[in-house]
């Protein structure tokens, strides 16, 4: 039987939620009630699959942990008052920490004036953010399109490349195995994992996937396209594959891809949604090789962990295809004043506090520690790798990776696997993580592996 809509029920539910939003603290009974509600609502109205996922990576009934607030720049607090060191960083959102006061203040000040733009008049913060990114981005990147997520920034990049290259008779994209560019239809066509792709087949035509880091395979794809008349419009890739398991290509790979793009008249699209904004020790990961893309995709940390925002930055030559009709590709909320305020404040914090350099230094400390643990527990850990504060520990199998995440949760450190590689646990903390907390994370990882080793020996 169909359930009849109930405005009274919706009103009561929204009022209850608003009451919770107003509260800074909850008593014990309120916490227990909220946990029960959240679990029930996820099961009945969000997606029960999320609960099953939480059960698979936790133990002892901890799957129902409900986050409540930020504890500090680098920690989260759940409804039970337990504080967790955040080594997941919302998959790369919290580069400047949780509730960074500079970012929060900028958003609050803008909120007091004008939360959203009129859509008709010229909005100043969108102009100022575009100018700031043009000054910050490498090479000739000059014009920015703003959206709300990384997937949207990739969609915009693909459409820009199509609009630029279609008149030139070039329609095919090269992406790479292990790639993750998002899950909307266009971005998913570039993403490489069959689990995400298969239910939505057929995807957009015109995408080839070659092995990541293999410049010979990339060169062959270009040559074959030339021979068959199916010329390459653009290459899209991540400088470091995040969801693929934090996979670093050989040194010089990006440089060689850039050369191929220049040789064959293709555009180079770099997806820095996860690697950008200081994460790898440079503001943008492509700067490690001084490579200049034609189109650059940003999101995640651009909003400072306070507002969602994505950006697609392109050279004037490429972006000019939108000059005659700027309404060819737009979005209602993209570049809104609150999001732009957050992004401007985030860039200011990253530069003022030199957080990219801090990411390099602290990342070296953490990675050295993880590599030492890999040497001590070779039957559990296959590899530890990364750059800056984007790291991964690869385990011998999926189950071991899940067990490590569970043990770290017991140690009150939040980590998780990557979407394209379940054996790999991602370590992606805020760039503001202190040296003391870095040491605590390494201690917790040692304790977790020791507990896992005992379990293995008892079997």
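Cβ coordinates are placed from backbone N, Cα and C, and glycine is handled just like the others.
Features as listed in Swiss-Prot:
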| type | residues | note |
| --- | --- | --- |
| BINDING | 150, 151, 274, 332 | pyridoxal 5'-phosphate binding site |
| MOD_RES | 300 | N6-(pyridoxal phosphate)lysine |
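Overlay of Swiss-Prot annotations on the structure.
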{"residue": "150", "record": "pyridoxal 5'-phosphate binding site", "DSSP class": "helix"}
{"residue": "274", "record": "pyridoxal 5'-phosphate binding site", "DSSP class": "coil"}
{"residue": "300", "record": "N6-(pyridoxal phosphate)lysine", "DSSP class": "helix"}
{"residue": "332", "record": "pyridoxal 5'-phosphate binding site", "DSSP class": "coil"}
Query raised in the report: How far is it from residue 150 (pyridoxal 5'-phosphate binding site) to residue 300 (N6-(pyridoxal phosphate)lysine), counting Cα to Cα, in Å?
Result: 7
Requested in this report: Could you tell me the maximum Cα-Cα distance in Å between the residues recorded as binding pyridoxal 5'-phosphate, namely 150, 151, 274, 332, rounded to a whole number?
Outcome: 24
Requested in this report: Measuring CA to CA, name the entry from the binding-site residues 151, 274, 332 that ends up nearest the residue listed as 'N6-(pyridoxal phosphate)lysine'.
Outcome: 274
Query raised in the report: Around residue 300 (N6-(pyridoxal phosphate)lysine), how many other CB atoms lie within 10 A of its CB?
Result: 28
Report summary line: Filtered by Cβ under 8 Å and at least 6 apart in sequence, the residues in the chain of residue 332 (pyridoxal 5'-phosphate binding site) near it are 119
Report summary line: Least surrounded, by Cβ count within 10 Å, of the binding-site residues 151, 274 is 151
Requested in this report: Across all the protein chains here, work out how many other Cβ atoms are within 10 Å of the Cβ of residue 150 (pyridoxal 5'-phosphate binding site).
Outcome: 27
